[in-house]
Amino acid sequence: MRTNTDTYGLPPNFILFNFPSRFQTVETPSEELGVSILYCSTNLTSFELSKSMRMREEEIEKLRGVVRDCVSKHLYSSAIFFADKVAAFTEDPADVYMQAQALFLGRHFRRAFHLLNASKIVLRDPRFRYLAAKCLEELKEWDQCLMMLGDAKVDEHGNVLDNKDHSGMYLDKDSEDREINIAAATCFLRGKAYEALENRTQARLWYKAAIKADPLCYEALECLIESHMLTCDEESSLLLSLQFGPEDGWLSSFYACLIKKYDKENIIEARFKELERESCNSESYDPSFTRTLKTNTDLLACKAEYYHQCGEYQKCFELTSVLLEKDPFHLKSTLVHLAAAMELGHSNELYLMACNLVKDYPQKALSWFAVGCYYYCIKKYDQSRRYFSKATSLDGTFAPAWIGYGNAYAAQEEGDQAMSAYRTGARLFPGCHLPTLYIGMEYMRTHSFKLAEQFFVQAKTICSSDPLVYNELGVVAYDMKEYNKAAWWFEKTLACIPSPLSEMWEPTVVNLAHSYRKLKMYREAIMYYEKALALSTRSLSTYAGLAYTYHLQDHFTAAITYYHKALWLKPDDQFCTEMLSLALMDECQNGMDPKADLRRSEVFV
């Protein structure tokens, strides 16, 4: 038998397996060849197994890190490539989920859904099911999205009656970061699907269920607030029902600032002050160095909304101007800024804002709403209607556009079209009382006082603390000659308004004075007319009402003085012209007013 080395000093197995074509003449017995082949095969199998083990322990984890890094750097194609290889190596459900996430982020929704749906645990693991439903959401397949999320019911208070889908999560989060409950995310997605299917009642219930399942699910609260799905009382009740953690006191206060702000002035101011005092220690070595929410843009935008609601438009405009210098693309501040500029008549500011928004966000309803506001401000109502309509077509859930659309019709006394827009707004936004209030105003304009009163009462049911509603109830009572009732509503209006009164509420003060005059309570009437003059010195109605009140008391000198002031504002006013002639005749017939000297200094102030 030959030795295990040949002429060249190489082992036979090396010759046979590495250079078969060059060493065909080497003779090796079949037994030795079989032993050599078996020996080599055994060595290669062990090597491959060892390498595979090392791949599983080290290389796979490195590849997972590569996938995570690609996602953080938004290199989604790279993430998809490496996630696919990791899932092929391991067939671990966690790696399949990671691959589906990469596909979803890379906008390969069909492929991601197919991958998840093909897995055997998609209906058992809530995370797989949720991601599959998110893929269907992006594909706008809303019915299939709801089917994927499973059957569940919710009561009118937002409590989920069937929660079996959310038990036993398969995947756990490795980090110690705080995580939003998957049940809350699932409820929120159900709400979005129902809203897309125009079932807003179910959408509202599921959004409530989402925020109740986890108060950190801010998006659910945002949808409820921005889509005006809840009334003032319902919003307050919802916040009271949320179970915040001991470390989330600041979040509870912040949410209270986000909802409708029709509470008493001291309550709302206390909320803002509480949040401004909230602080957290920084990582600085100096324990006295703290950070607060005092300059937070979202909080200041809430405060600007409150100023606008109170009628302090200049203060609101100044605050939003500062906010937009700090963050020019903060859309909530932008909307409040537009509203304040509208009230102040700043057409140049509206024009600049509209141009910038259309350039930066041509597909957003807010941009075209801004264009409509500009044309409305310069009284080109046809053009304003066109752009408000475009805003509603881009986003049918954008409430300001519907109200602006109706107001543009109402400005030209096109009542039917205005009420059509308001009714659409009332249907889409059951938690917003303004469309209902404006429908009542349109009925007032056509002297349908009973119908107007019904809509004002309905608006009061939706928002029981808006002083504007009380003012309109007072106006309709006055027009129906129910002067005691009118005076009561006007007094209630002024009691709800934060002090000091702004010029916005001057008509309410005048209305109360008119009511007292009708009730022959002349002293109270004169007092409120004078309060109205302190708010605005250019009101024809105030001067005329004050002159007429003095005239009724036979104080002709004072009456003549105020008739002259009213006619200075509007020389062709028929009522003041006729009453001035009568006052002059009465004074000539009755002589000088004996009390004139006592009041002269007061009259000419």
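For all residues, glycine too, the Cβ spot is worked out from N, Cα and C.
Pulled from TrEMBL, these are the features on record:
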- 365-398: repeat 'TPR' (REPEAT)
- 399-432: repeat 'TPR' (REPEAT)
- 467-500: repeat 'TPR' (REPEAT)
- 506-539: repeat 'TPR' (REPEAT)
- 540-573: repeat 'TPR' (REPEAT)
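Mean per-residue pLDDT, taken over the repeat 'TPR' (467-500), amounts to 92.
Tertiary neighbourhood of the repeat 'TPR' (399-432): same-chain residues 200, 224, 226-232, 234-235, 335, 339, 365, 368-369, 372-373, 376, 379, 381, 384-385, 388-389, 391-392, 438-439, 441-442, 445-446, 462, selected by CB-CB distance under 8 Å and a gap of 6+ residues from either end. Secondary structure of the repeat 'TPR' (540-573) per DSSP (helix as H, G, I; strand as E, B; remaining residues coil): 27 helix, 0 strand, 7 coil.
When DSSP labels each residue, the repeat 'TPR' (365-398) comes out as 27 helix, 0 strand, 7 coil, counted as helix, strand and coil in that order.
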